[in-house]
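Peer 1: Here's the feature list from TrEMBL:
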- 4-347: domain 'Isopropylmalate dehydrogenase-like' (DOMAIN)
- 72-85, 280-292: NAD(+) binding site (BINDING)
- 92, 102, 130, 221: substrate binding site (BINDING)
- 137: site 'Important for catalysis' (SITE)
- 188: site 'Important for catalysis' (SITE)
- 221, 245, 249: Mg(2+) binding site (BINDING)
Ligand SMILES: NC(=O)C1=CN([C@@H]2O[C@H](COP(=O)(O)OP(=O)(O)OC[C@H]3O[C@@H](n4cnc5c(N)ncnc54)[C@H](O)[C@@H]3O)[C@@H](O)[C@H]2O)C=CC1
Ligand SMILES: CC(C)CC(=O)C(=O)O
Ligand SMILES: [Mg+2]
């Protein structure tokens, strides 16, 4: 049976960058069946909801899902359940992809594209493992209302169960074993109960199952600082949903642009992975052919590697991106003037 890849282009630059990634997939793995469906604002406009049951079922029946991005000013004032971002959260939850891998590596050719000094980013290769289906993005109760004195308030619940921490920490340990063997677990155990619980659970799990892995802990605010001060000190960073989201955008800038950062979201073995750029829908540049397609193309590379078992095709894509950058191909965010299409073609030329 043919392997199935579902494209969910979404909103803003999402369709532009997923089209680029699909073009590359068709070349390196032509036998994969590629389907397409709506998510986010595009789905709201068509069906009134950001993710339909049919599309979730289609995603579950695929081998891998590649999502572009969701959101934009058109839907920003809608009530929460009618916002595009809910489509993505529901998709992550629905697929139960609890481990979000966000690698940040600095291509040699882009060492001078970062706002940080060459010696800080040259040779950078770190992996953020972010918990993706729990924590404050999903916790209950949450809401905007008034307290019993009539004072208006907004609130979210940051909550983690032991199994939720354990399963993502196991992934971080496993990934570290295939790298330099170091995990830095990040939380705010100095001020948050859920942070203290996170730290204790990770420590206990490490004692029982951390063979070959060196575990350290860091407070999330200090980690943000260390990521720009001396990022090469890190091998694997393990973080909850919120801190992982923030720290991975910080790490993006070490690589030259947020347009370079891919991600893989994985669940239990045998279930489809969700692959998406770390960036959003970039409404400021949408529809102008200015988006850097590399994050989406490298997300496809991760799909080929992690869900579709095509390491050779993945290697081809990775090498082609590196060679195109070495040959000078740059979109505007990297200081060049190539359009999304021209950048994609420059990568295809190197396949
Ligand atoms: N995974 C997703 O679908 C995400 C969606 N969003 C949504 O996207 C919308 C915009 O959010 P922002 O905070 O502006 O974040 P953003 O990541 O969309 O954009 C931040 C900045 O980076 C630039 N940028 C992003 N991707 C780029 C690319 N591939 N090439 C060149 N430049 C790029 C944008 O032009 C903008 O200046 C919001 O509705 C937000 O909720 C935000 C983050 C993730
Ligand atoms: C739901 C998303 C818009 C949150 C986010 O910024 C991300 O996951 O990177
Ligand atoms: Mg984010």
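Note: Cβ is positioned from N, Cα and C throughout, glycine not excepted.
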Peer 1: Let me spell it out: for each of the recorded positions (92, 102, 130, 188), count the other Cβ atoms within 10 Å of that residue's Cβ, using every protein chain shown. Which one has the most?
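Peer 2: Comparing the recorded positions 92, 102, 130, 188, the most crowded Cβ belongs to 130.
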Peer 1: Taking ligand 1 as the reference and 6 angstroms as the Cβ limit (strictly under), which binding-site residues among 80, 282, 286 are close?
Peer 2: 282
Peer 1: Between 221, 245, which of the binding-site residues has its C-beta surrounded by the fewest other C-beta atoms within 10 Å?
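Peer 2: Across 221, 245, these binding-site residues, the one with fewest Cβ atoms within 10 Å is 221.
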Peer 1: So of 76, 282, 286, which of the binding-site residues has the fewest other Cβ atoms within 10 Å around its own Cβ?
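Peer 2: Output over binding-site residues 76, 282, 286: least Cβ neighbours within 10 Å is 76.
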Peer 1: Measuring Cα to Cα, how many angstrom lie between residue 130 (substrate binding site) and residue 72 (NAD(+) binding site)?
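Peer 2: Residue 72 (NAD(+) binding site) has its Cα 24 Å from the Cα of residue 130 (substrate binding site).
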Peer 1: What does the structure give for the C-alpha distance between residue 245 (Mg(2+) binding site) and residue 80 (NAD(+) binding site)? Integer Å is fine.
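Peer 2: Pair distance, Cα basis, whole Å: 19 Å.
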Peer 1: Using only C-alpha positions, which one of 92, 188, 221, 249 is spatially nearest residue 84 (NAD(+) binding site)? These are the recorded positions in the record.
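Peer 2: Comparing Cα positions, the closest of these recorded positions turns out to be 92.
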Peer 1: Have a look at the recorded positions 72, 76, 137, 188, 286 and say which one has the shortest Cα distance to residue 102 (substrate binding site).
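Peer 2: Closest recorded candidate to residue 102 (substrate binding site) by Cα: 137.
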Peer 1: Near residue 221 (substrate binding site), meaning Cα within 10 Å, which of 188, 286, 290 (recorded positions)?
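Peer 2: Close recorded positions: 188.
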Peer 1: Taking ligand 2 as the reference, state which of the recorded positions 84, 137, 245, 290 have a Cβ closer than 6 Å to one of its atoms.
Peer 2: 245
Peer 1: For the C-alpha pair, I'd like the distance in angstrom between residue 92 (substrate binding site) and residue 137 (site 'Important for catalysis'), rounded off.
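Peer 2: Roughly 11 Å, rounded to the nearest whole number.
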